[in-house]
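Notes to accompany the following structure.
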Amino acid sequence: PYEKIGAELVKEVAKKTDDVAGDGTTTATVLAQALVREGLRNVAAGANPLGLKRGIEKAVETVSENLLKSAKEVETKEQIAATAGISAGDTTIGDLIAEAMDKVGNEGVITVEESNTFGL
């Protein structure tokens, strides 16, 4: 029963990561699997599940604070192109995203749809 709960949790983590960030689902899935595996191992060894939960929550808070402290604003078209290029794994796509963002502005919306038409 715990394994099924763990699998559902990992699935939910991947879905939520995709919904919120649109990227990082693999990293989130690997982290969630490790948390479930190690959590179950610790509970089986006699650890208090609520204590584990509190420890995980504190760790998440600390990591989140540190990530926010080290985060850098992406402001220029060149920075946007570089960041998007890294995320897409393709500098040409990064340049296209930067160009689109330049046209719609910081509060604009860019919709990307898959096409079955070659070259479009």
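All residue numbers here begin at 1 and follow the chain in the order shown.
Every residue gets a Cβ built from N, Cα and C, even glycine.
Taken straight from Swiss-Prot:
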BINDING   Asp23, Gly24, Thr25, Thr26, Thr27  ATP binding site
Those residues of the chain, 6+ apart, with a Cβ under 8 Å from that of Asp23 (ATP binding site): Ser87
Most Cβ neighbours inside 10 Å, all chains, among the binding-site residues Thr25, Thr26, Thr27: Thr25
Any further residue of that chain within 8 Å (Cβ to the Cβ centroid of Asp23, Gly24, Thr25, Thr26, Thr27) of the recorded ATP site: Thr17, Ala21, Ala28, Thr29
Surrounding CB atoms that lie within 10 Å of the CB of Gly24 (ATP binding site), all protein chains: 14
